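Some features that TrEMBL has for this protein:
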- 20-38: transmembrane segment (TRANSMEM)
- 45-66: transmembrane segment (TRANSMEM)
- 95-117: transmembrane segment (TRANSMEM)
- 137-158: transmembrane segment (TRANSMEM)
- 207-228: transmembrane segment (TRANSMEM)
- 249-271: transmembrane segment (TRANSMEM)
- 283-307: transmembrane segment (TRANSMEM)
Amino acid sequence: MPASFLHLVSIAQTVGTVAFLFSSFFGIIVIFLTLFCVRKIFGTYKYLIVIFTTIGIGLACLEAVFHPNFHFYNNGFVYFSLSSPFGLSKDTLKVIISMYTGVYTVTISMLAVQFIYRYWALFCLDHLTYFRGFKSLIWAVYCIFFGGVWWMRVYNLLEMDDVTEKYFEKEMLLRYSVSIKEIPVKTFLAYEPEDGLIRWKNVSDSLLMNSILPFQYGVMIFCGWNMHSKMEEKISHFSVALKRHNRQLFKTLVFQISTPTIFLFSPLIFFVNLPFFEIELSLPAGAIMSLFNMYPAMDSIIILIIVTEYRMAARKMLNAVMRALFRTKNSSTSQATGQIELPTIRTIL
């Protein structure tokens, strides 16, 4: 294993930037189609999709600009950034990289809200009043609450102290050629280096994280399982087109939760809990952070592929763009041909 991980940081930043561009591209397409082209997605659910996609793009933007990084070392990890865009101070950057984790939690909470909406839309229509008017603010508070708790837990409970500074100082200098005191950083250490006692301040952070995520996933699993087991009976009297539409929306939600869970979130939970096993390691995890940028793109692609109306609208939009490009190209070719022919005629005369 090489002594320095700086080249991996550079690769992770490049991957994160490319992923942000993909996420923005596909996200903007989904937002445009949802607002102006797709007719079967309407009312509150339309705005849930738009807000969820927008927050996903915002999450990718934060990662592409500030490049938060993870480094795991023995009984702990360091959450930090080597970037200092816009000349921001170290303290400001500490707030921002903590906020990044809060925005991540808001996206998970928004996905849970979408499951709740689809579940109530099928089985508890009266409850949809909570998604209308001022009552819909409940869900904004719901998402902001969990995002705020996650943000504050990282900012306060992972604040570096003398013990963690000493524990990680040489490792950060060796791997990233920086002093840990000079960069925006949050640290986690499961046990005291001297006597092996549990560091309850840091462990309480882990307990919070391992409570919030299972709660959100519990909501999604409850709604998803009930929709899976009861949906066919509920939609039996629907038209064929409406049956297909509801099945596609359910399948979209399932892929929206399962794909990132398998490839992104589960590995993160695994790595974040590694310090409790007292394994000797020095592991850069910047790639995991940069891959989070792919989640909004994956989410948008899932919608575009699975839901027929989105797929047809996207195909129409692509055809319109291609026709416009060909018209522009043909027009330019005609003008160039005319300019060539005129001098030729004059020469002949």
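Cβ from N, Cα, C; glycine included.
Unlike curated entries, TrEMBL annotations are predicted automatically.
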Long-range environment of the transmembrane segment (283-307) - Cβ separation under 8 angstroms, sequence gap at least 6: 5, 8-9, 11-13, 15-16, 19-20, 22-23, 25-27, 29-30, 38, 41, 49, 52-53, 56-57, 59-60, 63-64, 67-73, 77, 104, 107, 175, 245, 248-249, 251-252, 255-256, 259-260, 263-264, 267-268, 271, 314
Close approaches to the transmembrane segment (95-117) from elsewhere in its chain (Cβ under 8 angstroms; 6 or more beyond its ends): 44-45, 48-49, 51-52, 55-56, 58-59, 62-63, 66, 68, 79-81, 88, 128, 131, 139, 142-144, 146-152, 154-155, 184, 186, 212-213, 216-217, 219-220, 223-224, 253, 256-257, 292, 295
Folded-back contacts onto the transmembrane segment (137-158), same chain, C-beta under 8 angstroms, at least six residues removed: 79, 94-95, 98-99, 101-106, 108-110, 113, 130-131, 186-188, 201-202, 204-205, 208-209, 212, 216
